[in-house]
Amino acid sequence: MSKSLKKKSHWTSKVHESVIGRNPEGQLGFELKGGAENGQFPYLGEVKPGKVAYESGSKLVSEELLLEVNETPVAGLTIRDVLAVIKHCKDPLRLKCVKQGGIVDKDLRHYLNLRFQKGSVDHELQQIIRDNLYLRTVPCTTRPHKEGEVPGVDYIFITVEEFMELEKSGALLESGTYEDNYYGTPKPPAEPAPLLNVTDQILPGATPSAEGKRKRNKSVTNMEKASIEPPEEEEEERPVVNGNGVVITPESSEHEDKSAGASGETPSQPYPAPVYSQPEELKDQMDDTKPTKPEENEDSDPLPDNWEMAYTEKGEVYFIDHNTKTTSWLDPRLAKKAKPPEECKENELPYGWEKIDDPIYGTYYVDHINRRTQFENPVLEAKRKLQQHNMPHTELGAKPLQAPGFREKPLFTRDASQLKGTFLSTTLKKSNMGFGFTIIGGDEPDEFLQVKSVIPDGPAAQDGKMETGDVIVYINEVCVLGHTHADVVKLFQSVPIGQSVNLVLCRGYPLPFDPEDPANSMVPPLAIMERPPPVMVNGRHNYETYLEYISRTSQSVPDITDRPPHSLHSMPADGQLDGTYPPPVHDDNVSMASSGATQAELMTLTIVKGAQGFGFTIADSPTGQRVKQILDIQGCPGLCEGDLIVEINQQNVQNLSHTEVVDILKDCPVGSETSLIIHRGGFFSPWKTPKPMMDRWENQGSPQTSLSAPAVPQNLPFPPALHRSSFPDSTEAFDPRKPDPYELYEKSRAIYESRQQVPPRTSFRMDSSGPDYKELDVHLRRMESGFGFRILGGDEPGQPILIGAVIAMGSADRDGRLHPGDELVYVDGIPVAGKTHRYVIDLMHHAARNGQVNLTVRRKVLCGGEPCPENGRSPGSVSTHHSSPRSDYATYSNSNHAAPSSNASPPEGFASHSLQTSDVVIHRKENEGFGFVIISSLNRPESGATITVPHKIGRIIDGSPADRCAKLKVGDRILAVNGQSIINMPHADIVKLIKDAGLSVTLRIIPQEELNSPTSAPSSEKQSPMAQQHSPLAQQSPLAQPSPATPNSPVAQPAPPQPLQLQGHENSYRSEVKARQDVKPDIRQPPFTDYRQPPLDYRQPPGGDYSQPPPLDYRQHSPDTRQYPLSDYRQPQDFDYFTVDMEKGAKGFGFSIRGGREYKMDLYVLRLAEDGPAIRNGRMRVGDQIIEINGESTRDMTHARAIELIKSGGRRVRLLLKRGTGQVPEYGMVPSSLSMCMKSDKHGSPYFYLLGHPKDTTNPTPGVLPLPPPQACRK
C-alpha cells in the first residue's frame, strides 16, 4: 500500500513557470488576490485575454497559486508586499505557479497545520510562509513576558480568554501549546504598522535571515547566549509558533524545530526557495538545523524493526508495520513514552487520543487504540476520577460479607408513587454534546436507571439540578421505571438537537455500586490487535472444528467437588437465598446436559496485554478477585463479567489481596501473552445471576423437564445454557463476544442428528481430524483481476464457506491447489468456520490491500473407494446459490443416490393416477442463473400422488431463463434432473446436480394442472401455514436418509420417539439459482481511517443523544429479550421461504418493519408485539426478510409503500418471508425523518416501531415524545 501511495505524483510536479513582461501599457495583464491578511496564499485573479505579454513558459491560469516571483518566495506575504516585490523586479518576470488541489489550496491555515517530514518540500515551504508572516505580524502568547522581552515586538502578551476569542474568531493562522502556554500567529494587517514597515527591505535575493529583516525574539536570543548550557532553559526559550520553536497542534505529536540551532539563534546561511523538483537536496541543507539532542525530537529516534513512515496524498503521516501488514496513524515510538491520562497536562492528550472539532456534534475525543469516542476530555476525566478516588469515603459501613465497592441493591418498584426520596423535575435542551449526562442501570428488568455522571459544561451541568445517583422516573410524561438501558437510550436519541425534554427525577437512591471505589481498580483497555489470541478452553488452544470443540468440552468439565475446601466459602448470590445455585451463565460452558445445575467450570484464557493494559476491571469479592467489567471485548476473548480469577501465569491469586492482584497484572509486560485460569459458575456465582435454568424453561415447551432428566442423551451437543440469550430475563442477549445462539443451535442440531442410531449414508467420522479430510495451505498473490476464485456459502449463520468457481487464468487457477468445493477454514490465520459470507468477504478485502492471502482449506478424500458426500455441508443446511457453470464440488458423484437414466420412469407411487409428465429444457447464459426455486418436502406426509414426488417448483424469478422458457409453473413437481431420478434424493444433492448441469438443464415434471384435484396439495405460494410436529429427534438429517435402494420412501420410515411436540412451519428446503459475483476488492484505499472523514465503526461522535457513559463505550447492552419467544430458537431451523397469513387484531397485526428503498436496504421484521397476531401465529420471527406483501414483490419497494400495502389489505395480510438470523440489519445512517412511537407492555418494557417518514403519520399518540409526529403503532 505504501508503494502505491508513493507513486502518486506530489503537487510540486505540477508547478510550472511563466516568463512574462509588461505590456505596452506597463501592465502585467492579470489581477492578484488572496494574501496573508486574508489567511490565503497569493493567487491569480482574472487573467485578461491578450493583455499578458508572454515570453516563454506556460500560460497563466486564473485561481492558480503564486509561489515565487523571480525566485523570491511570496507565500505568506500580504498582497501589498507581493506587489512591492513585483514592482521592484525588472522584466522579464519569472512566475512560479501551481494549480490548487490536494493539500495545497488557498487556505494558509489548512496548509500550516499539516505535518511533514523535515527536509521535505512541504516542510520547507511551511518555514518560508512562517518567516514571511513574521515580517508583518507579531506572535501572541499567554505566558508572562520575560526580562528583556519587548511587548509588541517579541510577543503580544494576552490572557487565555483573549487568546480563545482570537482563536474562535478565526484571527489566528496557527495556534498551539508549549510548556502549558498558548501560542498563536495572528493574520497580518493589510497595511503594515510603522514599526514593521520593511517593504523596502523585501528585495529579490533577501531572505528571512538577511540583515535588516525582523528576527524573532532578538532580545531573547541575545540574553540566552551567555547561558545556553541548561537544556531546560534552551527548551523553554524556544518559540512555539514563531518559526523558530516547537509547534504542538491538536493534530501534531512531533516537537518540530523550526530552523533553530541549539543556541536558539537563527542560522546565518541563506534560506533559499524550495527546490520543487528535487526535495532530497534540501535534506543536506537542513543538517545544521537539527537539534543536537536526540531526545528533543521523536523523529531522531529510529522506528522499530520493519516499520516505515509514509504520507497520504494530503501529506498526513502514517506508519506501516510490515510485520503484521497493517497501518496506523499512531507513531510507535511514542508508545514507549506514553503517560497515563491522569499524568498528562490539561492541554495535552494521552497517546492514541485525538481531539475533533465537528461543526455538527461539537468537540469530542477519539481513542484510536480502543476505537471509541467520548465528549469528555480524557485527561480531565481521569483527573476527576483520581480526585474522587482520593476523597475520604464515609459510606464504608457495609455488611461484613459484602464485597468492597458494592452496595446493597435498593428495593425496586415500577410504581412511581412508591419511590422513597425527593422528586424534582427539570427541562434539558439537547445540544451538540447531547444532554450532558451519562446513565447506568437498566441491565436487568428490575433495576433503576440512574445518572452516573454529569458532564462538565453540558446542558445538565449548566442547568444545575441533576446529580449523580438520581433515578430517572419520567421522560416527557412516559414512566421509564423498568425500561431497559437500550430503550431509554433510544428515547434520548430520538430527540433532535435543539429540542427539549422534560425529566422527573427521584433523589435518594445510591448507585448499585460505587464506580469510583478504589477497590474496583481498572486494568486499562487493550490496544486493538489485528488477530486476537485464541481462547484456551480446558488447557487447549483453538479446536479444529466446532464439532471437535463440542465433543471434547462436553466431557471435560471439572466438578466442583475437586476444588480445595477453602474455595467453597461462598454466599448465595442475590435472589438465591434458599441456598440453590444457578448453572454456569456463559456460552463457553458446554457441559453435559445431565451434569446438573451445580456444575462449575475452570477455563484457561490467554490475553495479550496492550499498550493501555488488558481491557477489563476487577473488584474484590468474598471469594477473591472477580472480573467486574469487560472494557475491550475483542481484547478479552472468552472472559466474562463475574469470572473469578484463580491463577495468573501459573501463580495462584485466590488468597491474595486486591492490591496484590492488581500489581501482578501491572507487572505483566506489554505485548506478551498472559495466561489466566478463571472459575465460572457453580458455587462461585457472580453477583448478578440469572434465574435458575429450570425456571426459565418452564411453560416454554422445553425439550426436557429437568436439567438432569434421563430422557436426554448424554451426548446432547447443546446444553440449555447455550440458549441463554433468548430467556426473558437475560441481560446479555446477543452479546457480540459470545457465539450467536441461532448459529449454535444449527450446528448443535446437525451434530445431534448425525449421532442418531440410523445407518449413516457414509462412514466418515464427525471429527475433522480424521483421515477422511485433508487440510492444505494455499498462498495466493493478488493479480489485477483479484485472487481468481469465488466464495460461496455463509448466507446464514452456520453454513460452511466454500470455494466456488476458480476463474480461468486467475491467481488461484495458476496456483492449481485450490479446487471448487473446498471448505475454507482460515483466512490469514483467522478462523472462518461458521462465519457469515460478509465477514469472509471483508477478510478477503483486507488481504487484497496487502496483495496476498494465506488460505487454509479442507478437502474430503475418498472414503473406502466411495465418493464422499458434498464437501463441508452440515446436515440440514441448504446451498442457496448457484454461482458458476463450473462444478462447485469436484470430487462428488451422484452414484450413491440413483443410477443415471436417460429415461427415468415415474415411481410407483403415482402410476395409478395416470399423471402426464413432460420434459422442460432451460438454457441460461454464462452470467445468470436458471432462476427457479425448488422446495423439498421430504419429511412432510402428503396425500395422493405427491407422496412420492416431494420436490416442486416454489418460485420463478421474473425475467430469468426459467421465466423466459414459459414451460415451468409454480407448483410443478420435479421427477428427474438431466434424466436422473431425484425422488429420494436429498435437497442439497439436487442443488449440486443442477449446479453441475452447466448452461442447460432438463427437468422432468408433473405439471401443476395435473395435480389440481381434491387430493393434491396447493401450490407453494398459496399454502396456508400448517401445524407440524418437529423435534431434533424427529427430523432426519440428509446423512440419515436411506439409499434409493430402500423400497420405501423416507417419509414412510417409522419416526424415532418424540419427547417434544412443537408448532412450527413447513419443514421444507428451498434453494434459489442465482449468480454470485467474484471477489474484486478495492486496494486503492490508504490507511484504515481518515482524519477528515471518520469512518462509522468508531470515529463517530459519541452520539447525538447525550454523552454516553463508559459502559456504553465498551459493553454492548442487549435488547429486551422478552420480545423473542424462547420456542423460536428451539424449533428446527431451515432458513426457508414461507408464507404467513394473519388476521388483524384489536391493536393491529402486531409486528413492525424496518428498511425500504429509501434506506438502501431490504424490508425486515423489526419487532413482534407481545400477544399480537404475529407472535400468536408462531411463524414470523424478528429478522425475517419480507419478500412479498399481499402478492406484490418488495424488491425496490419503499418503506411507505410497504405500510400502504399492509393497510390496504384490510383485516388480512399475506406475507412471503425468508427466514432470517434473528437479528435485524442496521441502517447505514438512520434518517432523522424516521418517526417513533412507543407502547409499554405489562412489564413496562417498551416496543419501538420504526415506521417511515412523517408523511405517513397519523394523529400523535398521547404520552409519546413530542418530536417528529409519531406514526400509529398498528399495521
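Yeah, the Cβs are placed from backbone N, Cα and C, and that goes for glycine too.
Annotated features in Swiss-Prot:
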COMPBIAS  280-295  compositional bias 'Basic and acidic residues'
COMPBIAS  699-708  compositional bias 'Polar residues'
COMPBIAS  893-907  compositional bias 'Low complexity'
COMPBIAS  1010-1040  compositional bias 'Polar residues'
COMPBIAS  1067-1083  compositional bias 'Basic and acidic residues'
DOMAIN    17-101  domain 'PDZ 1'
DOMAIN    109-283  domain 'Guanylate kinase-like'
DOMAIN    301-334  domain 'WW 1'
DOMAIN    347-380  domain 'WW 2'
DOMAIN    425-509  domain 'PDZ 2'
DOMAIN    604-682  domain 'PDZ 3'
DOMAIN    777-859  domain 'PDZ 4'
DOMAIN    919-1009  domain 'PDZ 5'
DOMAIN    1139-1221  domain 'PDZ 6'
MOD_RES   Tyr361  phosphotyrosine
MOD_RES   Ser685  phosphoserine
MOD_RES   Tyr826  phosphotyrosine
MOD_RES   Ser883  phosphoserine
MOD_RES   Ser884  phosphoserine
MOD_RES   Ser1013  phosphoserine
REGION    203-305  region 'Disordered'
REGION    301-380  region 'Interaction with DDN'
REGION    698-740  region 'Disordered'
REGION    868-912  region 'Disordered'
REGION    1010-1128  region 'Disordered'
Fill in: Per-state residue totals over the region 'Interaction with DDN' (301-380) - DSSP helix, strand, coil
10 helix, 28 strand, 42 coil
Worksheet entry | Cβ-Cβ distance under 8 Å to Tyr826 (phosphotyrosine), same chain, at least six residues away | Val832, Asn854, Leu855, Thr856
Fill in: Assigned element (helix, strand, coil) containing Tyr826 (phosphotyrosine), judged by DSSP
strand
Worksheet item: In the predicted model, what is the mean pLDDT computed over the domain 'PDZ 4' (777-859)?
Response: 86
Practice prompt. Let me know how many other Cβ atoms fall within 10 Å of the Cβ of Tyr361 (phosphotyrosine).
Written response: 20
